[in-house]
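To start, the structure under review is shown below, and the notes come after it.
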Amino acid sequence: MRKIIHIDMDCYFAAVEMRDFPEYRGKPLAVGGSSDRRGVISTCSYEARKFGVRSAMATAYAFKLCPDLILVPGRMQVYKEVSLQIREIFSRYTPLIEPLSLDEAYLDVSECQQYKGSATLIAQAIRRDILAETGLTASAGIAPVKFLAKVASDLNKPNGQYVITPETLPDFVKTLSLRKIPGVGKVTAEKLSSLGLNTCGDVQAYSKPELLARFGKFGGVLIERSQGIDERGISADRERKSVGVETTLAKDIYSLEQCQQVMPGLIQELALRLSRSAKERKIHKQVVKLKFNDFKQTTIEHRSDEVSIVMFYDLLAQAMARQEGRGIRLLGISVGLADSILAVPEIPNAQTQLDLAL
């Protein structure tokens, strides 16, 4: 049985700011773009979260929830330098490290002999080292499989950890909400709920052939995850080829204008994900994807090392020309990443690599 640790830094960008600027401590603080440029919140302190402020939220709306919010621009170079420190700490315990972003990673410590091979003690040691050497706290989840380690890391935040052992896994999974399974978003969860499926235990008791008939390949994944099965290994040399975001719509939409109304939220989320990328790399294309209500899809791309919102809207219009009267059930945007590293100055906010000036 594998031993997987998921490390997640606690409100990372904001925590770095509070470490370096003590006057921010204990106050509602957010890192993100300014409201007058339609900025988005990258992350925020726990004090800000008490007011309902969240990552990926429009900055203007965050100020409505918390008028006393302190907003600071991101210092991406600093965040990257600290992330490298944290990565070096990971490497003391295992070479099998899969970074997900600057502030989280999977570690496979199955072969680690330190602390007599106890993943629980290894996670404690890693968190202790991070605090001692960076002044930042981290939370951890420990489990035999990746997705449950990630779920567990969120259960004892901040500055804590949660363990799912092989013995406790069956009972833990049985009551786990399906929303915790990767790929189950709001719309999919509603469809599952309409079938009486809300927890992994519900799926375990449901007809497997019917799930496969209704959800195809994803139905098979759902069956496995609901039993706590996740055979994915740690991709130690993983390098993302693209960064994207998509949304499955609650109801099919049919007009270009309706699709255009969905775009601002997608663009804000894409900007946030780009700002959290572990490396700055050249962008070589941008892409718009539509999935129709007959489950066929189309993609339109534009090759360029400069990305603009205007082009996203142009690509959307081109994709809609292929609609042929069908309803749109999913809309997505992404950028393709080249192998070489960017040699341009840092843009210190959540709009990194996106020209948000229409």
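Placement of Cβ uses the backbone N, Cα and C atoms for every residue, glycine included.
With a 10 A radius on its CB, Glu104 (active site) counts 20 other CB atoms from all the protein chains. In the three-state DSSP scheme, Glu104 (active site) is classed as strand. For Glu104, the entry in Swiss-Prot reads active site, with the evidence type sequence analysis.
Just so you know, the Cβ of Asp103 (Mg(2+) binding site) picks up 24 other Cβ atoms within 10 Å once every protein chain is counted. Annotation source Swiss-Prot lists Mg(2+) binding site at Asp8, Asp103, citing sequence analysis.
If you look up Swiss-Prot, you'll see 4-185 marked as domain 'UmuC'.
Here Swiss-Prot flags Phe13 as site 'Substrate discrimination', drawing on sequence analysis. Listed in sequence order, the residues of the same chain lying 6 or more apart from Phe13 (site 'Substrate discrimination') and placing their CB within less than 8 Å of its CB are Val31, Ser42, Thr43, Gly74, Tyr79, Asp103.
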Rounded distance in angstrom between the Cα atoms of Glu104 (active site) and Asp8 (Mg(2+) binding site): 4
